[in-house]
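Asker: Have a look at this one before I ask anything.
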Amino acid sequence: MDKSKTIVICVDRDNDIGEKAGLDTPIIGKEASLSAATKLALADSEDSDVNAIFYAISVYDRLIEEDVEAEIILVAGDKKVGVTSDRKIGKELDEVLSKFGSDTAILVSDGAEDESIVPIIQSRVKIDSVRRVVVKQSEHLESTFYVIKRLFEDPKFSRTFLPPLGLFLFLLAISLLFGMSGQVMGVVLAFLGIYMLLKGLGRENILKNLFESAKQSLYSGKITIVVYICAVVLILVGTSKGILGIAEMPESSEHIFLGFTYYVKWSIWWYVGAALAPIIGGIINMLIEGEKIVRQWTILFSVVASGLVIWGGSECITLLLSEEPLVGYQYLFFSILGAICLYLAGVRISWYARDAITKREREV
């Protein structure tokens with residue numbers, strides 16, 4: 001009966017073997033692997049790949065003792081970790097497997113990058129075992145550091161969570177310096193609420209697009225640069241008004257949610273104005289350039305309608321807490337009714353504009 005063939009694969013994804021020890025890969029065989037580990041240890045005794053290579057050799061020795069037909073190979077990627085290094089690893093594996101062939105493999109790695117390495121090997125040979133080698137006294141520290149490092153390097157994570165976290169820490173520092181924790185918490189909640197709203201609606205790139213549009217407007221001399229400046233001023237004023245609004249809270253009420261409600265109540269129309277400024281500027285530019293204005297009317301009225309609903313909701317909450325529920329419900333009802341009317345008016349104007357443009361084009 002034929003013995004099963006097993007290869008012990010030690011992977012150096014960032015090519016420390018080549019960069020530090022000056023060795024070419026793939027490296028095949030126990031003696032060559034021992035020599036490579038020694039050279040790498042002399043070049044950098046703290047490199048974790050040294051431990052991984054020696055561990056791979058010990059695994060190979062145990063297989064030989066168990067009368068398993070085995071071979072040990074060292075493959076390396078590239079210092080540019082990613083697609084380049086992974087393709088190099090795959091190429092070296094193909095080269096080794098074409099020469100020796102194998103039924104199964106045992107993977108030995110030096111860190112937490114198994115999720116990147118395993119698919120490369122698994123697509124070429126069956127993996128029986130994955131052994132991760134980390135120095136015992138620093139295993140948890142290294143794993144934690146690696147996870148944090150990967151999260152901070154991940155564009156999706158960093159762009160999604162770091163901006164609001166940074167804003168929170170910055171405003172928290174201000175609150176501690178000036179003794180305005182209540183007011184600052186209201187501002188933080190307001191910004192986080194706006195961010196979560198934009199994120200939930202898939203509109204998180206609005207601010208980025210606004211900055212890009214402002215830059216283009218500055219270079220092209222369009223009027224929108226002026227309205228963007230107006231929008232920024234309105235946001236700053238609205239934020240200030242919101243903070244002052246928190247001070248209007250009843251002294252007996254110190255709930256964060258109520259503070260946020262007062263902040264919204266006093267600042268919402270300034271924010272609505274800030275949102276309208278770029279829209280109005282865009283409409284003016286389109287009029288100057290003779291472009292068709294259709295959906296912009298719906299957007300404009302929708303912004304005002306949204307502001308009306310939010311304002312009505314904040315008024316309702318403050319009146320409910322002031323034990324005037326009937327008046328609060330009236331505010332909420334009429335604000336919702338007004339918002340619906342505004343939205344329908346915007347839709348109707350857009351339809352009228354589109355019909356007028358279509359009729360004009362037919363006449364031409």
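The backbone N, Cα and C atoms fix where each Cβ goes, glycine too.
No curator has checked TrEMBL annotations; they are predicted automatically.
Dumping what TrEMBL says about this protein:
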TRANSMEM  160-178  transmembrane segment
TRANSMEM  184-202  transmembrane segment
TRANSMEM  223-247  transmembrane segment
TRANSMEM  267-288  transmembrane segment
TRANSMEM  300-322  transmembrane segment
TRANSMEM  328-351  transmembrane segment
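I'm curious about the neighbourhood of these features; can you describe it?
Answerer: Here the transmembrane segment (267-288) has long-range neighbours at 190, 210, 213, 222-224, 226-228, 230-232, 234-235, 237-239, 241-242, 245, 296, 299-300, 303-304, 306-307, 310-311, 314, meaning same-chain residues at least 6 beyond its ends whose C-beta is under 8 angstroms from one of its own.
Away from its own ends, the transmembrane segment (328-351) comes close to residues 294-295, 297-302, 304-306, 308-309, 311-313, 315-320 of its chain (Cβ-Cβ under 8 Å, at least six residues beyond either end).
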